[in-house]
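**Student:** Take this structure first; my questions come after.
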Amino acid sequence: ELDFSAFMFNQDLEYLDLSHNNIWTAYCQLLARLRHLDLSFNKFTVLPICQEFGIMFHLEYLGLSAMMIRRSDFRYVAHLQLDTVFLTLEDFSLYEPLSLTALNTRSLHIVFATNQNFNFSLLYDGMSTSEKLKIVNLRYTLSHKDFPSPSLELQKKIKTTDLTLDTVDLEWTVILQIFLLVWDSSVEHLTVRNLIFRGPVEELTEYKHVPLLRSLEQLLSLGSSMKALTLERVRNKLYYFNQEILYRQFSEMNIDSLTIHDACMPHMLCPKKPSSFQYINFSRNALTDELFQNCDTLANLKILILHRNKFESLSKVSFMTSRMKSLRYLDMSSNLLRNSRAEGRCQWADSLSELDLSSNQLTEAVFECLPANINKVDLQNNQIASVPKGITELHSLQELNLASNRLADLPGCRAFTGLEILNIERNLILTPSADFFETCPSVKELQAGQNPFKCSCELQDFLRLERQSGGKLSGWPEAYVCKYPEDLSGTQLKDFHLTELACNTTLLLVTALLLTLVLVAVVAFLCIYLDVPWYVRMLWQWTQTKRRAWHDCPEERETALQFHAFISYSERDSLWVKNELIPNLEKGEGCIQLCQHERNFIPGKSIVENIINCIEKSYKSIFVLSPNFVQSEWCHYELYFAHHRLFSENSNSLILILLEPIPSYVIPARYHKLKALMAKRTYLEWPKERSKHALFWANLRAAVNIKLPTSFETDEEQSDVTSTSSITQRLIK
C-alpha cells in the first residue's frame with residue numbers, strides 16, 4: 001500500500017519515484033509542488049489516478065501502471081498539460097477504446113505485456129493523443145487476416161509526428177498495414193527497433209479492406225509527411241522469400257532519410273527513378289562491392305554510411321560514389337577494404353568532402369586513391385607505414401587522422417599544404433621529427449600521444465618543439481609518456497630532462513678537449529713543480545742497476561750486510577763528518593763500520609750503482625742534514641734511494657741528523673720527500689753544548705749497532721779499494 005500522507009511534511013517535494021515496486025493500492029494526498037511522479041511497474045489493477053492529481057498544476061511527468069484502462073480513469077488529469085505520460089501494462093486484460101484520447105500530453109510511452117498479443121487500439125488511440133509516441137512489445141501471433149485494421153476516420157485524427165516501435169514481432173503483412181497507416185499520417189519520423197518479421201513476404205493487394213488501385217511501390221514513391229525511416233536490429237524467421245520485393249519497397253520510398261542498421265542485409269536495389277534520399281545509413285549489414293554500381297538516381301544523396309559491411313575494393317567504392325553528385329560524407333569504416341596500384345585509378349564524387357576509411361586493411365597506397373577535393377580523412381587503425389613522397393597534392397585537406405597505424409615518424413606536409421589538424425596517436429614513433437611545424441606551418445593541432453617514445457637526446461628537440469608550439473600538442477602532458485629505456489618507462493615527457501652537454505656532440509667534444517688540455521697543463525705543472533722527471537729518471541736508474549746486478553752477479557743476489565751505516569752528507573759538511581762523526585762511531589765501543597763514498601765506492605761502477613749498493617749493504621742510512629745538504633744533487637739521490645728502500649723493504653733504516661737548522665724556504669719544492677721525512681720522523685739534532693755530545697753519540701751508536709756477518713774481504717784488500725775509490729770519487733765530485 002502507498003499512503004501519500006507519508007509525504008505530508010515534504011511540501012517542497014518535486015521528484016518522487018516509486019517505480020518497480022509491488023504496490024496494489026494508493027491513498028492520495030495533495031503534493032502541490034510535485035513535478036515528477038513515477039508509479040510505473042507496480043501491481044495496480046486500475047490506474048492509480050486520484051482526484052488530488054487534478055490540482056497538481058506543476059506536474060510534468062506521470063508514470064502509471066495498470067491491468068486495465070477505462071476512459072473515466074483519466075477524468076481527473078484530462079485538463080493538465082503534461083509533458084510525458086508513461087504507462088506499463090502488465091497482465092493487461094481490458095482497454096476501453098478511445099480512453100487514451102482523454103490525455104493531454106506531448107509524449108506518450110507505453111510498455112505492453114511481453115507475453116500477450118498487442119491491443120492495436122492502444123497504437124491507434126496513442127497516435128491521436130500525443131506528438132511523440134513510443135510503444136514497446138508489439139507482438140501479434142494470430143493470422144494477419146484477424147488483424148484489426150484502423151478505421152477510416154482515424155487518419156484525420158492522428159497527431160503523432162515521431163513514432164517509435166520497440167521489440168516488434170509481427171507478420172510482414174501486418175507490418176505493411178501499420179506502415180501504410182503511418183505513411184498516410186502526419187508522422188515524420190518512424191523508428192522500429194528489435195524487429196522480427198514473419199512470412200509470407202508478398203505484395204499487398206488491399207488496405208483497410210479496400211483493394212489497392214496502385215502497387216505498394218507506387219504508393220511509397222508518392223509524397224507523404226514522412227521524412228525519416230529507421231530500422232535497427234532487424235531479423236526474419238523466413239528461410240526463403242523474394243528479397244527483391246522487400247528491397248524495392250525500401251529503395252522507392254520518397255523520404256529524405258533511410259536507416260537500416262544491423263539487419264544482415266546483403267544487397268539493396270538502386271532506385272528506378274531519381275530518389276529524394278539525402279541520408280542513407282546501412283551500417284552493420286552484409287553489403288558488398290556491388291552496391292549502387294552504375295546507379296544514377298541518387299544525385300540528391302549527401303550522407304552515406306556503410307560502416308561494418310563486407311566491402312573489399314576501394315576503387316569500386318570510389319566508382320560507386322562517382323555518380324552521387326551531392327555526396328558530402330562517406331563512412332566506409334570497419335570493412336575489408338584494400339587498395340593496390342593494380343586496381344587502377346579511383347574516381348570519386350567531386351562534392352565529397354569528408355571520408356571515413358578507418359579500421360580497414362589499407363596501406364600507404366591509399367594516398368594515391370583519395371579524392372582531390374577532400375577536406376577531412378579518417379585513416380586510423382589501418383596498416384599504413386609511411387606517407388609516400390610524390391603523391392598527388394591534396395590542397396583542400398584540413399584534417400587527417402592516422403592514429404593506430406605503423407608510422408615511425410611524423411609525416412611531412414608537402415602534399416597537404418592546408419592541413420590544420422593531424423592525429424598520429426598510437427603509432428610506432430620513438431623520436432618524432434623536430435622540424436614538423438616548420439614543414440607544416442598551417443597545423444593548429446597535433447595529436448601525437450600514446451606512442452612508444454624513446455627518451456633520449458633525439459627527443460630533446462621534440463620537447464623544445466612542444467614549448468615553442470604554443471599549445472598545439474593535444475593531450476599534453478598526460479598522453480606523452482616514455483616507453484624506452486625501461487628505467488624511464490612511465491615517465492611523462494615533461495619530466496624528462498638531459499643536459500645540453502649530454503646531447504650536443506660538438507659541445508661534448510670541445511669540453512672533453514678543453515678538460516684534456518687543462519689536465520695536461522696541470523700534470524705538466526705538477527711534474528715541473530715536484531720534479532717528477534727527476535724521480536722517474538732515478539727510478540729508471542735504480543731499476544736498471546738492480547737488473548744488471550741480477551744478471552751480472554748471480555752470487556750477490558742475496559745481499560749480506562757489510563756496514564752498520566751509510567753516511568750521506570754534503571761536501572761542505574765533510575769536516576764535521578771526518579772529525580766528529582766517523583771517529584766517534586768507528587773508534588768507540590762496538591767496532592762500528594761505516595760506509596763512506598770516499599773510501600767505499602768501487603771504481604768502474606756508476607755513482608748511482610755505488611750509492612744503491614752501499615745503501616743496500618748498510619744496516620742504516622745516516623743523513624747529515626744542513627742547508628748545504630739541500631743544495632747537493634747527489635745528497636738528494638742518496639736520500640731518494642734510501643727512502644725507496646724504506647718502502648720496498650718495509651724497514652726502519654733512516655737516521656736523520658740535523659747538523660744545522662734548515663729554514664723551510666731554503667728547501668727546494670722538489671725536495672718534498674725531505675720535507676715529509678722531517679715532518680713525520682724523529683731526528684737527532686747536533687747539540688751545541690759540549691756536555692751533551694756524549695749522550696748524542698751514545699744514542700746514535702745504539703741506533704746503528706748490530707752484529708754483522710763475517711767479512712769475505714781482508715783488511716788489506718779493503719784498504720786498496722778504499723784508496724782507489726777515494727781518488728776517483730773526488731775527481732767526479
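In case you wondered, yes, glycine gets a Cβ from its N, Cα and C as well.
Curation does not apply to TrEMBL; its annotations are automatic.
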**Student:** Among Cys346, Cys413, which cysteine is annotated in TrEMBL as forming a disulphide with Cys369?
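**Tutor:** Here TrEMBL pairs Cys369 with Cys346 via a disulfide bond.
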**Student:** On the 0 to 100 scale, where does the mean pLDDT of the domain 'TIR' (561-704) fall?
**Tutor:** 79
**Student:** Treating G and I as helix alongside H, and B as strand alongside E, what does DSSP give for the domain 'TIR' (561-704) in helix, strand and coil?
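**Tutor:** Going through the domain 'TIR' (561-704) residue by residue, I get 73 helix, 23 strand, 48 coil.
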**Student:** Long-range same-chain neighbours of Cys369 (disulfide bond), Cβ under 8 Å, sequence gap at least 6?
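**Tutor:** Long-range Cβ contacts: Leu314, Ser315, Ser318, Asn339, Glu343, Arg345, Cys346.
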**Student:** Specify the count of other C-beta atoms within 10 Å of the C-beta of Cys346 (disulfide bond).
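**Tutor:** Other Cβ atoms found within 10 Å: 21.
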